[in-house]
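What follows is a set of notes on a single structure, which appears directly below.
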Amino acid sequence: MDRNFVNVMLLGLAFMLIFTAFQTGGMIQQTVVNSIHSRDNSYTANGYTSLCIIYAVMAVANWIAPSVVVITGPKLAMVFGGATYCLFIANFLFPKVWVLYFLSFVIGVGAAVIWTGQGNYLTINSNEDTMSRNSGVFWALLQCSLIWGNLFVSFVFTKDTIDEPTIQLTYGVLTGVGIAGTILLFFLRGGNRANSELTLRQSVGECVDAFVGAFRLLTTKRMALLCLTFFYSGLELSFFSGVYGTAIGNTNSLDSEGNAKRFIGISGILIGLGEIIGGATFGLLSSKTNRYGRDPIVILGYVVHMVAFFLIFINLPSVASLQKTNDPSYITSNLGVALFCSFLLGLGDACYNTQMYSILGVLYRDNSAAAFALFKFVQSIAGAIAFFYATTADLHVQVLVLAVFASLGTITFSTVEWSASVHRERETPEDTAHES
């Protein structure tokens, strides 16, 4: 293996551990919050509200994240971000409403920094020929987090109401795993600040340049089109990471004993399996798929997601995302169909994300920090909006919204990819980064 590919592997392993903690915690967060409230009426926190705060703050923080990466380098930026994830997960060991919301703010800042640093570090260790491969391998390793965390949860969550010892055990283990991933980031090679001898004035100047560059990039035609794809990715990420598992757990008819919560972990595992298969396939076959462009893979993801949305619409009751229910759906609720949809959600998400990473790493190689910050900015806005309306909108309304934005995002991505392929021979990286 070459050194750059080893760096990508190590990066993927570190993120796998950190997000084993966070993604698993996010999928069970609303269920855990409801269980705490059932024992303590003074605990009035809402899991969806917490996730909404995270994504709203992350959206704003993405404007300063490129400046942070300029000052610290991507390596230390990711270490800082990883530490905020660990603090957030640990708060469930001593649940307090104000602590949950405060750390939701803190992790929102940390998330913007860690993902901007990750995009910059991945680009540094890739070129046009290896970007698709490295994006796929990183994505597959990252999504292994859904396997290990949810496998653990599926064995631990055996009761309808999650008691305090179970919560302590779950979040104690998740916190330890997150800390291990953050420590692993220290072993990344390279990724330090490019020039450690800059004066304070020069550093401030670089920060301002990074901020202005990100804003200018947002106003370009190509980035504006990609933003619709980014927006859809944020909506569907919020749906499968926080809403869909809750809907399965609230549908009593999926389990003869009325304890469908035990299937939340299995749902998460299947989402992760779809992510891993998609990421690994498109990473290993990148040399073949690159010749046909990225849009066929995105269109595949669109078809997969539309099938999933249709099956979810007819298989689960509309109120299942909001409360426990015995309501009927359009067909008799079927556990196999529900779990199959989990796999489809993960597979489709991998189709979109691997190609978004690839196109950003190639088209904006000389301005990668700003490009990935904008990606996460738009994605985070979508996530915040999705979790905001998830507190009142039923499952069927959410699925219809996803279907509309999936169509728009796929069309705009294909437009950008077609334009890039037409002009690829005559464009330079600098022209691409500043095209309007």
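Just so it is clear, glycine is given a Cβ too, placed from its N, Cα and C backbone atoms.
Listed in TrEMBL for this protein:
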| type | residues | note |
| --- | --- | --- |
| TRANSMEM | 48-69 | transmembrane segment |
| TRANSMEM | 76-94 | transmembrane segment |
| TRANSMEM | 100-124 | transmembrane segment |
| TRANSMEM | 136-157 | transmembrane segment |
| TRANSMEM | 169-188 | transmembrane segment |
| TRANSMEM | 223-243 | transmembrane segment |
| TRANSMEM | 263-285 | transmembrane segment |
| TRANSMEM | 297-316 | transmembrane segment |
| TRANSMEM | 328-348 | transmembrane segment |
| TRANSMEM | 369-389 | transmembrane segment |
| TRANSMEM | 395-416 | transmembrane segment |
Tell me whether the transmembrane segment (369-389) sits in contact with the transmembrane segment (263-285), defined here as at least 3 Cβ pairs under 8 Å among residues 6 or more apart in sequence.
no
If we skip the immediate neighbours and take only residues 6+ beyond the ends of the transmembrane segment (169-188), which ones have a Cβ under 8 Å from one of its Cβ atoms?
7, 10-11, 13-22, 24-25, 28, 32, 75, 78-79, 82-83, 85-86, 89-90, 92-93, 121, 149, 152-153, 156-157
In contact by Cβ distance (the transmembrane segment (263-285), the transmembrane segment (328-348); 3 or more pairs under 8 Å):
yes
